[in-house]
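Below is one structure, written out as structure tokens; comments come after it.
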Amino acid sequence: MTTSSYFLLVALGLLLYVFQSSFGGEHVCWLGDPNHPQGICGPQVADIVEIRCEEKEAEQGGANNARANTGRTSSLMKRRGFLSLLKKRGKRDEGSPLQRSGRGIVCECCKHHCTKEEFTEYCH
């Protein structure tokens, strides 16, 4: 393989990598990245995920009567569980000596702007 062919192959590989990382739908964040002006952060994240998950459940056949009778208690338990999961992930990442990238909900929706579909991906 000639030098120019090798250079062209490397250049195409880099171009493909840049294209995929820019338009692939996955966000990558680094410590110290600023929040997106339209990003949703803090307790609002749990509220939006809860709403999106309830909408998704309704679209897939709706909630049963037992869940409807429990009302907000069930929603509160889901929110607490979700916030607990976020705290555990945060604590796990705090101990890392490296400033590694993140691809969680904070990266997706606070550091960047989430669509409704991206919030729905966090439903269990």
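Placed from the backbone N, Cα and C atoms, the Cβ positions cover glycine too.
Only one of C114, C123 is recorded by Swiss-Prot as the disulfide partner of C109: C114.
As annotated in Swiss-Prot, C29 shares a disulfide bond with C107, one of the listed residues C53, C107, C110. Note: C114 (disulfide bond) has non-local neighbours G39, I40, I48, E108, i.e. same-chain residues 6+ apart with C-beta under 8 A of its own C-beta. Scoring each of the disulfide-bonded residues (C29, C107, C109) by how many neighbouring Cβ atoms lie within 10 Å, the top position goes to C109.
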